[in-house]
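Per TrEMBL, these features apply:
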- B:18-40: transmembrane segment (TRANSMEM)
- B:46-69: transmembrane segment (TRANSMEM)
- B:100-124: transmembrane segment (TRANSMEM)
- B:136-161: transmembrane segment (TRANSMEM)
- B:168-191: transmembrane segment (TRANSMEM)
- B:222-242: transmembrane segment (TRANSMEM)
Amino acid sequence: MLKRCIIAENRKLHASPIWVIFFVLPLISAGYGTFNYLQNLEILTERWYSLWTQHTLFYSMLFFPAMVSAYAAYLWRLEHLGHNWNLIMAAPVRPFALFAAKLLVVVKLMCFTQCFVFVLYVACGRLFAGFSDWPPMSIVFYLVRGIFGGLAVAAVQLLLAMLIRSFAVPIFLGLVGGIAGMLIGSKGYALLWPYCLMQQGMNANHSTDVLAGNVLPFLLACAGWLAVVLLTAKVLLEKTDVKA
Amino acid sequence: MGKALHAELQKARRRHDLLICLAVPVVVYLWAGAAVPTGADELANAYSALLFALPVLNAILLPIVMALIASRLWDMEVKGSTTKLLYTLQSRRSLFAGKALLGTGEVLLMVTLEMAVSILLGRVQGYTEAFPAGPFVYTGICTLAVDVMLFFSELLLMLIFDNPLPALCVGIVGALIGLFSAFMPPLVSYFVPWGYFVPLSCYEVSYWDQATHTVTYGLRPYNWGLLAFTVVLAAVLFAAAWRMMRDKEV
């Protein structure tokens, strides 16, 4: 059942305008990051790490939540049209499978985005910054951690997009969540807010690892937030009536 | 026109658009207020610092918020397939006028609240700098002009595609390009309308001491030329949106 739901969700992505944002946002981020790195070589001296901070600073803090929000809102949009809620709730699948399938598809998109960010980062480093070596393995580690942190963001955004019938409002809330995450993270409470987790995982504004020795609490926070959101979605889908 | 606006206000009753207009100033208050000026020298330059930072915050937030407002106004007609029915009951002109008036009114309310929040921040954090009334009014007018221009560009996209996704994508990408253009050479920023908040700003860094991390902000001449261009661009986008609504088959 879950597999069929995933296939249905994947179909929504065919020739979807969502791919524009998928390609354009990391490209702009990489272009600007490389330009800024090359303009400030006297301050940014840690080569691959410095380039990484320039590539991912704004991306991970502000635009990643907005992008994931757009992915999530797009996948729920069809359900909010007409009487489609009645239709899907009458389908022979567990209601939670609908949510789980959407989450898996958003996570797939998120993984693709992270890979694209990495490809652009390596290409810019080799072609424009003139590095002859390859980036350190820790950058791959940051990217994977970013995906773990992004899981909570994706789940929260899917929950918001499920509850709010408007397409645009969850995206705005995603942006606000990212800004709040920036402020909460700067106060040292990063693990208490899901939108901080991606920022922490990506290590976007530090050349030294901000999570050194604290990976376990970070992973526990990711798992905890994910569990809370999944449980909430399950209860809402299975215990409350839909408004079609 | 009054009836059309009344109808739009009735449609907006349970849409909670006012909450969005309120959310933006709250976010600005929290974000701008997070960096509390501490020393006497910082407090003596605090309004300047605030009016320097405000356009950057606007460049991040407002392209997406304008897409949000435009999509809220038109998406309900798309979802409900109401245009065919509406055009038998009211003229296209009055429907467009109602939407444009309500949207512009919401933008005006949001900008007014945002500027009010700046004054509140000054009072709460005890700024000692004399309140810069002229630059303050100029910043408000510039913010309003850019917001209205972005709102009509997003409304145009909504009318073209009948889908909020392109408008929102343009809003998100525009915010990113606008933010980056703020840190590019000034000439680049003239080609990025989403980031016009920054080149229209009347403050600049006049002194930066790298050793003590002390920044002093100073006034720069008002950019009347760009402001006039923004108003013209807003008018062009308004006309284009109206033409799209007038000529589009339903």
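Note that Cβ sites are derived from N, Cα and C of the backbone, with glycine treated the same way.
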Stretch with greatest number of CB pairs under 8 Å, the transmembrane segment (B:18-40) reference, B:100-124, B:136-161, B:168-191, B:222-242 candidates: B:100-124
Listed stretch, out of B:46-69, B:100-124, B:136-161, B:222-242, that has the most CB pairs under 8 angstroms to the transmembrane segment (B:168-191): B:46-69
Beyond the flanks of the transmembrane segment (B:100-124) by 6 or more, those residues with Cβ under 8 Å of it: 1, 4-5, 8-9, 12, 17-18, 20-22, 24-26, 28-29, 32-33, 46-47, 50-51, 54, 65-66, 69-70, 73, 131, 136, 139-140, 143-144, 147-148, 151-152, 155, 238, 241-242
